[in-house]
């Protein structure tokens with residue numbers, strides 16, 4: 001039963017993306033359809049607003065379907081379970097995690113299929129809203145609350161459920177350059193959800209991670225700028241990585257104690 005729901009959620013997630021894209025594509029082409037009877041299938045990719053709105057609609061559809069099927073968990077939505085200073089601690093902990101993961105990813109030569117699309121979305125209000133807020137909330141609902149929680153409830157060991165949901169989370173991105181990082185971050189987010197018992201902790205971490213990615217492009221003006229360049233070279237980057245590793249370990253021990 002656990003794997004059946006996992007497969008169903010993945011299918012729902014993908015179908016919601018297709019449905020949302022078709023709906024937005026239709027409305028953005030409504031004028032051409034009425035006057036020329038023509039549908040421009042490239043309109044979605046060409047318009048950051050259309051793409052951003054389709055991502056927002058996708059989130060609404062996924063949330064609605066999961067709610068109707070009663071695949072959400074009310075207890076996980078409670079804000080009062082965790083005090084606000086802990087949220088701040090999680091966000092601060094994500095800084096060294098983000099730095100180390102992205103620094104390691106720079107050593108891989110993987111094709112980034114979404115680089116151009118992402119570079120246009122970060123300068124569009126709809127795109128930023130979709131990337132920074134709606135995307136993280138939707139993905140945490142599906143992969144952590146929907147898949148991971150259900151697998152653990154069906155007697156899968158927590159570490160296996162966290163790893164499996166993280167692997168699915170990575171693969172579902174479909175972009176070679178994103179998959180390794182998404183798997184690692186999926187594992188981190190899964191651990192946060194499992195230890196905290198509330199969906200808002202991984203949502204906060206996910207939102208912050210995506211915001212950092214957007215802010216990096218805003219600040220540098222170039223999606224090709226690397227962390228090694230920003231650090232001033234490989235030696236400086238290595239020193240920062242060592243410091244980040246120490247901070248990451250200390251943060252992990254602190255959060256593990258807080259959530260216990």
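A Cβ is built for glycine as well, from the same backbone N, Cα and C atoms used for every other residue.
From a predicted model like this one, the values you see are computed outputs, not experimental measurements.
The domain 'CAAX prenyl protease 2/Lysostaphin resistance protein A-like' annotation in TrEMBL covers 125-212.
The transmembrane segment annotation in TrEMBL covers 7-30 (among others).
Under the heading transmembrane segment, TrEMBL lists 50-72 (among others).
Away from its own ends, the transmembrane segment (84-105) comes close to residues 177, 180-181, 184-185, 188, 192, 196, 200-201, 204-205, 208-209, 212, 227-228, 237, 240-241, 243-245, 247-248, 251-252, 254-255, 258 of its chain (Cβ-Cβ under 8 Å, at least six residues beyond either end). The annotation transmembrane segment is assigned in TrEMBL to 84-105 (among others).
Look at TrEMBL and you will find 117-138 (among others) tagged as transmembrane segment. Remote same-chain residues near the transmembrane segment (117-138) are listed as 45, 48-49, 51-53, 55-56, 58-59, 62-63, 203, 206-207, 209-211, 213-214, 217-218, 223 (criterion: CB distance under 8 Å, separation of at least six residues from the stretch ends).
Residues annotated as transmembrane segment in TrEMBL: 159-179 (among others).
Taking Cβ pairs closer than 8 Å, the transmembrane segment (199-218) reaches residues 73, 76-77, 79, 82, 86-87, 90-91, 93-94, 98, 118-119, 122, 128, 131-133, 135-137, 139-141, 144-145, 185, 188-190, 192-193, 225 in its own chain, all 6 or more past its ends. Per TrEMBL, the feature transmembrane segment maps to 199-218 (among others).
Same-chain neighbours of the transmembrane segment (230-252): 89, 92-93, 95-97, 99-100, 103, 220, counting only residues six or more beyond its ends whose CB sits under 8 Å from a CB of the stretch. For 230-252 (among others), the entry in TrEMBL reads transmembrane segment.
Outside the transmembrane segment (159-179), and at least 6 residues removed from its termini, the chain residues within Cβ reach (under 8 Å) are 6, 10, 13-14, 105, 108, 110-115, 139, 143-144, 147-148, 151-152, 185-187, 189-191, 194.
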